[in-house]
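Take a look at the structure set out below.
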Amino acid sequence: MSDDATGALAGGVGHGRPETPEQRSDRNWNELLQELRVLQTGVQILTGFLLILPFQSTFSGLDRYQVAVYLADVLVAITATGLFIAPVALHRALFREHRKPSVVTGGDRLTRVGLVFLAASLSATALLVFDVVVGRVAGWVVGGSVAVLLLGLWEIMPLAVRRRG
């Protein structure tokens, strides 16, 4: 027996679950949507806060470096927001075309790329806040530490769990 696009074995049974390929696709899609709900809320709040910063009176006190970090952070956060919304748009575009396995795979890929952009935005936000409040070195240390922490939690930890079975 060979795996189909949803990971189910021919005959409707795969990975210990008695489900058809269609049921597996539906379950995977629903699980992805649940994850996206959490991610979308967080990234949209972050993006919203970033977008209102220039309208605060203290924003004019930022130096050129801080403004550059801020602008890069805004672009990265907006990109993450778009990537986390894209799976829903993909589903809408392919609705009723019987392409759920492709939608699930595409949605998974978009979400994974979105996580990279979210990690970059969180790191840049930490860098900027600590740069403004404490100083440039603190900004780099904390921003880098956040990047390493997220890499560990979002990439290294899942790899370790996967290897342990």
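Positions of Cβ are set from backbone N, Cα and C atoms, glycine also.
The feature compositional bias 'Basic and acidic residues' is assigned by TrEMBL to 16-26.
What TrEMBL lists as region 'Disordered' is 1-26.
Residues or ranges marked as transmembrane segment in TrEMBL: 36-55 (among others). Listed as Cβ neighbours of the transmembrane segment (36-55) (distance under 8 Å, sequence separation of 6 or more from its ends, same chain) are residues 70, 73-74, 77-78, 80-81, 84-85, 87-88, 107, 111, 114-115, 118, 121-122, 125.
Outside the transmembrane segment (67-90), and at least 6 residues removed from its termini, the chain residues within Cβ reach (under 8 Å) are 32-33, 36, 39-40, 43-44, 46-47, 50-51, 53, 103, 106-107, 110-111, 113-114, 117-118, 120-121, 124-125, 127-128, 131. What TrEMBL lists as transmembrane segment is 67-90 (among others).
Summarising the annotation, TrEMBL assigns transmembrane segment to 110-134 (among others).
What TrEMBL records for 140-161 (among others) is transmembrane segment. Beyond the ends of the transmembrane segment (140-161), by six or more residues, the same chain brings 115, 119-120, 122-124, 126-131 to within a C-beta distance below 8 angstroms of the stretch.
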Please count the residues of the compositional bias 'Basic and acidic residues' (16-26) that DSSP assigns to helix (H, G, I), strand (E, B) and coil. 6 helix, 2 strand, 3 coil
